Structures are given as structure tokens and as C-alpha cells.
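To keep things clear, I will list the structure first and then write my remarks on it.
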Amino acid sequence: PPQPAACDMSARGLALGLLLLLCPAQVFPQSCVWYGECGIASGDKRYNCEYSGPPKALPKDGYDLVQELCPGLFFGNVSLCCDVQQLRTLKDNLQLPLQFLSRCPSCFYNLMNLFCELTCSPRQSQFLNVTETEEYVDPVTHENKTNVKELQYYVGESFANAMYNACRDVEAPSSNDKALGLLCGKEAAACNATNWIEYMFNKDNGQAPFTITPVFSDLPAHGMEPMNNATKGCAEPVDEVTGPCSCQDCSAVCGPRPQPPPPPVPWRIWGLDAMYVVMWATYMAFLLMFFGAIFAVWCYRKRYLVSEYTPIDSSIAFPMSVSDTGEASCCDPLGAAFEGCLRRLFTRWGSFCVRNPGCVIFSSLAFIAACSSGLVFVRITTSPVDLWSAPSSQARLEKEYFDTHFGPFFRTEQLIIQAPHTAVHTYEPYPSGSDVPFGPPLDKGILHQVLDLQTAIEHITASHNNETVTLQDICLAPLSPYNKNCTILSVLNYFQNSHSVLDHEIGDDFYTYADYHTHLLYCVRAPASLNDTSLLHDPCLGTFGGPVFPWLVLGGYDDQNYNNATALVMTFPVNNYYNDTEKLQRAQAWEREFINFVKNYKNPNLTISFTAERSIEDELNRESNSDISTVVTSYAVMFLYISIALGHIQSCSRLLVDSKVSLGIAGIFIVLSSVACSLGIFSYVGVPLTLIVIEVIPFLVLAVGVDNIFILVQTYQRDERLEGETLDQQLGRVLGEVAPSMFLSSFSETVAFFLGALSVMPAVHTFSLFAGMAVLIDFLLQITCFVSLLGLDVKRQENNRLDILCCVRGGEDGAGLQASESCLFRFFRDSYSPLLLKAWMRPIVMAVFVGVLSFSIAVLNKVEIGLDQSLSMPEDSYVMDYFRSLSRFLHAGPPVYFVVEEGLDYTSLQGQNLVCGGMGCNNDSLVQQLFDAAELDAYTRIGFAPSSWIDDYFDWVKPQSSCCRVHNGSGQFCNASVADPGCIRCRPLTPEGKQRPQGGDFMRFLPMFLSDNPNPKCGKGGHAAYGSAVNILGNDTGVGATYFMTYHTVLQTSADFIDAMRKARLIAGNITQTMSQGGSNYRVFPYSVFYVFYEQYLTIIEDTVFNLCVSLGAIFLVTVVLLGCELWSAVIMCVTIAMILVNMFGVMWLWGISLNAVSLVNLVMSCGISVEFCSHITRAFTVSAKGSRVARAEEALSHMGSSVFSGITLTKFGGIVVLAFAKSQIFQIFYFRMYLAMVLLGAAHGLVFLPVLLSYIGPSVNKAKSLATQQRHRGTEREQLNF
């Protein structure tokens, strides 16, 4: 400040003391406390020389430095209290804060003020008080000088607070923490204005050469005037060129932080789940109405003196339905004609097959051979990606985009290591500070052992095609070819994977000043640092050239107290190759050796859980192989049952004649042939097979096929040959009777499955195609080949030849075969049907089934969605152990990349502002929105702020930093560690130079940034961190696709993964929308390696509804047509099938089966099997000519029930029980539990509920059909049965 003239004159006078007293107290002359550098303080740091004279004019070669560092002192003849060397030292010391705080110019401006006033201010003596000096002799000039060893710095309290407030929000993007956490010596949360400044001035921090004690006061004290320069708030611009700090770095610039929407309020009534209450009320209302109606009918009967034991006939109970007597309706003749036509067609066909067995069987075998030969072209899909996601799905397309632009996501080998026998120990920092507990695995001895393990893994060798493969050959080495070190994400990379660095400590005989504890505590806060600020000065950066984030290498800690870790996580990323099988196999060969090595690794102090990229597929294959025996046993049990149950043995002496083992085997052969034909036909076309198809389809076709065989054989066994009828005519007639029913069930299933193939889910799509074709071929073979074989078998039986050994004759002559009824048929006819249809039993059945249905509807919305990945593993697998550790210890989920598609103009200011997160960027830019999302991590499942290449590039290219330099002769890039005077700044220190590069400048320096390796002078080089994140278009003309990477929070259940994907897409959608308002129409999408597998769950509910409705619709249409316009019958049948499906969901909820592609395939299949349970009985009811509904239901149940029961229920039951012993949990849950539920529910509805429902509201008798039936049965035993 200008001084009063009186003082100026008095300074020249002799009466100095007297006149000084006359001067106002607050006016000081310009004078220094030091000038120039003297003796060595420590290492390369020097003390300043004491000097108490006036400031000296700065030589011209220091002008650039003053302008750069302390523009506020650049006026007049630039007289300062520092020389050029001191300015250079100041610049070097400010490199670390510059890299972290220059994102926010106001913060950095205040910090520079603090240091410039300290080092160079011409009025130093006002606020600096030297408290300790020592003599020093200059070794060159031999002059006597004085070192300033200690001094006090009086700093205004308001200045200190303002400086802290401007800096406290600044982010350090690379470490995902506040920058002050790296510059304050403690957690950012514990940092305040005073302890931050004290730490910066403390010589123990490794930066300050000698101790400077700050004294905070706003008022003059001890004759000193505190330094209280004007400050800038973070929301103010420093000058016309730079704007205020960004929203990320200054909360004052942002509006209020976004709040997550409140979780949806569960729908409740009287504090209970609303679905339960609604369904309970509905059920009660149903019971009231139903029993009310029954009671009313009973009273009505009493009035008319009808016996109460008369069955409730619908003509009394439901006068509104068409009476069973009276004229035929208009549709009836049409239905009867269609029925008669089908019957005649099948009768003729059956007779033909029996007459010409050789021709038919030969043709069938030729057809089977032709179709099955397609199996030579078979392709089996084992790739999980192809199994779970459709090629045209959004996640698949995004995965392709990511892989083509940035290379495929790497393969991961990971170990989670615990030290169960080691205790927690406490570290006491020197000279002061609170004690820090260190978790068991962070014990130095354990770390040495883990480092030995890590080194051993690095040296694993495998051989592939007689070549040796090492980790070095396949690992991710981002800095190659300069630096071939593999990326190893391990806590030991903080110590450069070296035993000696781990043992490095500084101390004397009494105290340890710094050791691995100090270094670790610094590195977890500044993983990208190249020089920890302790006395060790060791780097934290990994040997591969990138930072090792603490949340990736430590596990089981609380909040951000990494020192409490209870597990170490070690990850080896390995290059992935999609189109290069040879390289992929080399990686897999090494992984196999890695798995063997870790499995056999013994160390009593360590517990290791691990996985490799190939582990899941290996374990699935191991499991499939172990389950083959279970599946084979299951089929064997079913085959055995079928072979035995088909025969109807009348006496022991005829055991070998009456048994039908050979026919049973033929039936099974036909079922398996139809499966082989289906696989063959689609293999010709090139449709790949999936494992689900191989596991499920034989089961399905067996259910459908065997049922038809039983119906055909048992109907024949119960039939009596008419007078003058030949065998071919009898079998033809039997086929004419049952084939329409077989045709109805098979055809409706085929149509349902083929329509199910419209599904976009690959598993459901392929299953539906193969299943539809197999069911169709099975039906065709049954009404051709099997009928011929049945004819041959009957002839064998009539000729009294033995089964299987058909050349040998039996002892007893079978003079003509008697019609015979099996015990099961008699049980159904004489005991079961009459009991079920008793007047008191039917209401109970209705009440129970409607109750079960109400419960199932109530839990429909509670069935879980997803497939827990641990279910796909055998229970004894090492991967299960890894999954358990994963959920216990990991703190970061999978990485997620927000990809900006090609086309955005990064060279324009507007384009930059749409994505960047630093100063001048939009408040709703991409990085800012991701930063906001990370603040709400519990809701968004985005765990951390993103690493932003563009913000790091802007920091790197700033003229104030020493990162971006080019050689003034060749124009080549100079790395910051190169000391060549020919290297000059990329951009001048002018106001224009300090702005962000645009246009040609942006593209000129970006390739340099992406090839620059981090070094101690410049930690921002982008080679390791962003080498693959930016696509540079041909000849460095523009930027193509780029990504911004962050991590999801820890995801454990399927619901977590699905939610994370949904939220990431929501955020990306918001960003795309914001960018399109800014005039850009480029899409941003999220990509993470698990999205392809979980995308199906976003739409699985719609897929399930669509598939099941399409199947039901198809079954309805086919049934209407094939029953001859019997609309009401089709409705009743479809209602029953729908009930079975809804009840399947009830069982899924009760038994913990989640909804996913596997269970959806099973649901589609249960829809098909339910047709078997319901269609035969419905059709038998419609063609029955008995008088009342109850009698018709009883007849239908007697004739068809036993075949359905023995054909499906018992066959399947035997096979399913065996599945319970499968090792694989997927088999136990999705096959054993679901198949069991399917068969039991199907049998219960088909054999209990449906007859009762038909007895109440079945369709009335079709008069035309009834007449036709009477004429057909005239003169047979059935006539007496019917009438």
C-alpha cells in the first residue's frame, strides 16, 4: 500500500526511533524476512536465507514464473522477497495441489495467495516472524549466511475459512474422494481450515522443507498484522476468462441435491396385504353364493317331493342352461357330421395299417431315418449369451457395439483371501495421532505370504498346442509395449508387488516414523499418487501404470475405513478374444492351470475363495455329466413301468403271452424317434440345439406320447369283437373311437407350441419349435407305425406266442381273446367315479379347488423373478464358496460403462459442456448426472462418481501444469519427466491459453494425453486409465465413441442385478434426453457384462403372459374346431388349464421357484401336458349319450380316467421321483419340483375337478351325436351301459 509522505521522509531522517513513533501503528515499511536459498534441510529440500532488508527487483527470467504463480505480485519493477530459484521451488511444491485443486479455479487462486504471500510478498515482515535460525557457510562462495529453520505465519482466520470453504467440495475424480482427503493428512470429513493449513506447513508431510507454524487471528497480535488478502468463493469467477467452479466441485453452484423418489407404498387393506384380503373376500362371496344356490335347489326339490338323493340334474339346478332334452340346436348337426367324418377317416386308416403292417412300418422307419440323419448337422449352443438373450435384443446390440468399439470385456480371475487365525492389530502413528486398528489380512506377515501367492500365480505356466502359456502372454497390460507389467488389482500393488518396499520403514532406535501402515493409509486415499507424503516417498500407483482403487482390493470394511478390512481381493484381468479361437484357448488353458494351482495351494494362515472366467462353464459341464446317470435312471424307470403296465395279464400261465413288453418298447422307440426326427429336421435347417431342449423335450413327448399309447391299447383291451368282424376292422373301429381324442390333444399342443415359438426369449423359442415338431411327429407315428405294431402284437397273442420270443408258442391255447377290464378301470368305474360325483362330495371338491385357486391368485405377484447364479452350481463346488465370500466381503459391484455413441462433437465448447464435469460444464452434463446418481447410490445402484477422461484431459493440458509439453524443434511430445530445455508448454500462459482447447488444438493434444504414462511430475497421463476409453477417428481428425466408467454397488440377488440394470438405463435415458435438448441426437447407453443375462427379466412378466395366453388361445381354437363347434366345452377345458397354470404359480411361490427362462419353458410345457389331462375327459363327456350331466361325467371319468391316470400320472411320477436325487440344484428345483407340481396339479384337475365342473355346467347333450352313438352301439354291451 502507498505510504504517507511523513513516514517516507522520516525514514531518511536520523531521528528514526522518534519519528517511527509518530507513524500510525498499522503502517509498515516493505521489508523481507528471507531471500534466496541456503543450506539443505532434508533430501533435495533447502532452507531459505535470512534477510531483513527491503524487497529486491526480480531478474527478467523470473517474470514468467511470477505471472504464472503469483499474478497479484506482478506490478511495477517486480520487487519481491524471493529469487528465481525460490519461485521454481514453489512451483514444484505446488504440483500436487495443482493437479487436484485446479479443477476449481477459485479454490486454487486462494491457495496460491497463501503460498505466494508466504514466499515472495514484499511485506513479509508484517505477518512472518522468524523463531529459529542457524549459521551456514556457503560451500561455493564461503560466505557466512543464516538458515531460517522455523517461523510463525500469521494468517487471518477469515481468509483461512474462506479458502477452506472454496476447496472443501472439490472432487478428485481418479480416487473418487474429495481432494482435501489427499491434501489434509486425514479423511476429508475430519478436515477443517486450521488442520489443513497446519498439515501443509508441517515438515513431516514430506513437502514442506522446514516447520512453519500458522497463527490464526483476524486482529493484529504481538505486533504482527495477519495476512488477510481478499478471497474468491467457489461460485465466483477468478477473472474474465475462467468461470466459477463446477457443480461437482462446489455445492453452492448446484441447486439442491436430487432426492430419490420414495419407495412405492405397498397396497394394504387393514394392515394386511391387499391381494390376500381381496382374494379371501372373493372366495367367501363365492362360497356364500355357491352353497346358497345348492341350498335353494335342495329346498326347491323338497317342495316338489323329489328325493334328496336324486343327483342334482342341471335341468332343475340351472334352468337357464339348455335342457338335456328337446330339439338339437343348429350347430349340433355340423358337430356330429364333423365327428362322424373324423371317426370314419381314422377307422379306414386303422384298418389299412393293420392289413399292411410291413408297408406302413417300413415307410415309418424310412421317414425316421431320413429325418434323424439331420442330426449329423447338429449344433449345440453352450454359450450362455446365446442361451439367454435374443440376437436382436437391446442388450445384445449394445454388447456388440461395445465389443467392436472398445474390445470385449476382459476375462476375470479373482481370489478372496482371509486370514482367520490372525488378530486385529493397532498402529500408533508417530509423533501423534489417534490409534488406527488394522484388520487381520493387513498384518505384515500375512501380506508377505499373500505376495508370495501372487508371485506364484504370476509364474504359473500352461501348455497349449505344445506352446507354453504364461500370465504375461494373456494378461491385460495397458502400457505395453513400454511397460509389460500385467494389471493385478491387489493391495500389494501399493507396494509395487515388492517385499522390500513392503519392509521399507524410516525410524531411529526408539521410534518408527513411517512404515507400511503409513504408506497404506495414504494410498487408499490417493491411489493415483506417485509419492506418498510420508517420509517414505514411495509411489502408490500400480506397476501396470494405473491406480488400484481400495474398494476393489479390500473387503469386509465398514464405511470408508479401509484399514478395518477383513479380506483381501486379488483380481487378474485377462484379455478376452471373441473371434480368435486360438488365443481364447490359450487363455482357457492358463485358467485351467490356475484353478488346479489354487485348489492345491496349502497355507494354514490363509483361507482362499476363488473363481476363474471358465469356472461356471466347467462346473456346469461337470454337473451335467454327473446328472446324466440320474436322467437315464429316470427314463429307465418310466420305460420299465410302461413295458409292464401296458400288458393285461389274466392268469399266471399266460404271463409271457399277455405281457406287452415288446409293444411297450416299440411305443418308447416311437416316442424317442419323434424326438430324434424333430432334432434332425431343425438341424437340417440350421437351428441350434440348447441344453434345455435336450433335457425337457423327451420328458414332454413321453408324457404326451405314452398317454396316447395307453388310451389306444386299453380301449382295445376293453373292447369286444363284434359278430363277423375281422381284426383289422375291430382295430380300425377302436382307432376311430379314440384317435379323434388323440388328435385333439396332440394337435392343440402342436399349435400351442408352434405359436409359443413367437417368443423372443431364445430358450423358450427353441424349446417351442422342437417340442411342437416332436409332438406332431409322435402323433403321426402313433396312428401309423404303432397301430400296425399293435395289430401284429394282437395276432401274436391270438396265436399264443410268447412276448419278445415270438417264435415260441405258449403252453395254454388262447381260444379267442376275451374283452377284459383292468383292475384300475374297474376301480374307476365302480368305486372312484360314483364317490366323486355324489351329491355331497361335489360341493366340497368345488370349494377346495376354488380355495386353492384364490390362494394362488393372491400370491401371483409375489413369485420372485430371476435365477440365482449359485443355483446353477453343484452344492460341493468351489464356486459356491466364492459366491458366499463375494456377498460377504465385496464393496464394489461390476463395472458399468456409460457409452456415448459416435457423433458428438467434442472439439466444440457446446459438445464438451454436454459431457464434462469440471469448471464451465453444464449442471446437467453426463458426468454431473452420474455424480449425482452416485450420491444416491442406495437408490441408483451407481456406487461411485465416474472416471472422466475429458476432465482429466483438460487438467493435463492446462498451461499451469507441467504435463503437456512439446519439443520446440520437432514438435514431438515431451513426457513431464524429460528434462530437456527444448521442451515448451503445449499452450501459452495467456488468458486464451488457460481456456479449454477447442477445434484443432483439442485433437492435436488428445492423442498425446492418451499415450502419456503417469510419472511423479504429472499423475494425469491418460494411457493406462483411458487408453481404451476413447475411439480416435482416422488420422486424428475427430473423436468417435467414448465411455465413462464407474462401478455398480454390490449386487447379490437377481433382484439387485435387475434393478441395477433398470436404473442404469433410466439414468442413461435421462442423459440422452438432456443431450438432445442441447442439440445433439446421440444416444448414451449403459453397458455392463451381466446385462445380456438379466435383460430378459425386464420383460419376463409380459413374455410369460404372452406365451401362456397364446398357448391357451391356440388350445381353445383347436378344441372348438375338433370338438365340432362345441364352444362351451372348449371354454370349460381352457378354464381348467388356466387354473392349473395359476396353481403352478402358487406352487412356485410356496416352493421358492423363481420365474425365469427355465421355469417359463416348464410353464409352457405344463400348458401342453394339461391338455392331456383335460382334453380326453372333456371329449368323452361331449360324445357321451347318457341322460344327465352327472351320468355323462361319470361315464367319461370311468372310460378315460383310468387311461389318463395310468398313462401320464403313474408314468411320470416314477420318472420324477428319481429326479429328486439329481446333484444339480437346477434339476432339483426347476425339474423335480416343477414336474411334480405339474403332474399332481394336472391329475387333480383332470381327474377330480373337471368331472365335477362338467357335472354342474357341462355342455348339454349334442342330439345328433347322441343318435349317432346309439346307432353305433346297437347290439353291443355298451348299449346296455348307456341306456
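First residue shown is number 1, and so on along the chain.
Just so it is clear, glycine is given a Cβ too, placed from its N, Cα and C backbone atoms.
Whatever TrEMBL says is automated annotation, not expert-curated.
These features come from TrEMBL:
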{"type": "DOMAIN", "residues": "627-792", "note": "domain 'SSD'"}
{"type": "SIGNAL", "residues": "1-29", "note": "signal peptide"}
{"type": "TRANSMEM", "residues": "274-300", "note": "transmembrane segment"}
{"type": "TRANSMEM", "residues": "358-378", "note": "transmembrane segment"}
{"type": "TRANSMEM", "residues": "628-649", "note": "transmembrane segment"}
{"type": "TRANSMEM", "residues": "661-685", "note": "transmembrane segment"}
{"type": "TRANSMEM", "residues": "691-713", "note": "transmembrane segment"}
{"type": "TRANSMEM", "residues": "839-860", "note": "transmembrane segment"}
{"type": "TRANSMEM", "residues": "1105-1123", "note": "transmembrane segment"}
{"type": "TRANSMEM", "residues": "1130-1151", "note": "transmembrane segment"}
{"type": "TRANSMEM", "residues": "1204-1222", "note": "transmembrane segment"}
{"type": "TRANSMEM", "residues": "1234-1257", "note": "transmembrane segment"}
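The transmembrane segment (1234-1257) shares the most Cβ pairs under 8 Å with 839-860, out of the stretches 358-378, 661-685, 691-713, 839-860, 1105-1123. Segment contact is absent for the transmembrane segment (691-713) and the transmembrane segment (1105-1123), given fewer than three CB pairs below 8 angstroms at sequence separation of 6 or more. Remark: the transmembrane segment (628-649) makes no contact with the transmembrane segment (1130-1151), by the rule of 3 or more CB pairs under 8 A. Count of Cβ pairs under 8 Å against the transmembrane segment (839-860): among 274-300, 358-378, 661-685, 1105-1123, 1130-1151, the largest is for 274-300. Sequence-distant neighbours of the transmembrane segment (1130-1151) (same chain, 6+ residues past either end, Cβ-Cβ under 8 Å): 849, 852-853, 855-857, 859-860, 862-863, 1108, 1112, 1115-1116, 1119-1120, 1123, 1159, 1163, 1166-1167, 1170-1171, 1173-1175, 1178, 1229, 1233-1234, 1237-1238, 1241-1242, 1245-1246, 1249-1250, 1253-1254, 1257-1259. Mean per-residue pLDDT, taken over the domain 'SSD' (627-792), amounts to 83. Panel annotation: around the transmembrane segment (661-685), residues 367-368, 371-379, 639, 642-647, 693, 697-698, 701-702, 705-706, 709, 713, 769-771, 773-775, 777-778, 781-782, 785-786, 789-790, 793, 803-804, 806 of the same chain, lying at least six beyond its termini, place a Cβ under 8 Å from a Cβ of the stretch.
If one looks beyond the transmembrane segment (1105-1123) by at least 6 residues along the same chain, the residues whose Cβ comes under 8 Å of a Cβ in the stretch are 335, 342, 740, 743-744, 747-749, 751-753, 755-756, 758-759, 764, 1129-1131, 1133-1134, 1137-1138, 1141, 1160, 1163-1164, 1167-1168, 1171, 1175, 1178-1179, 1182.
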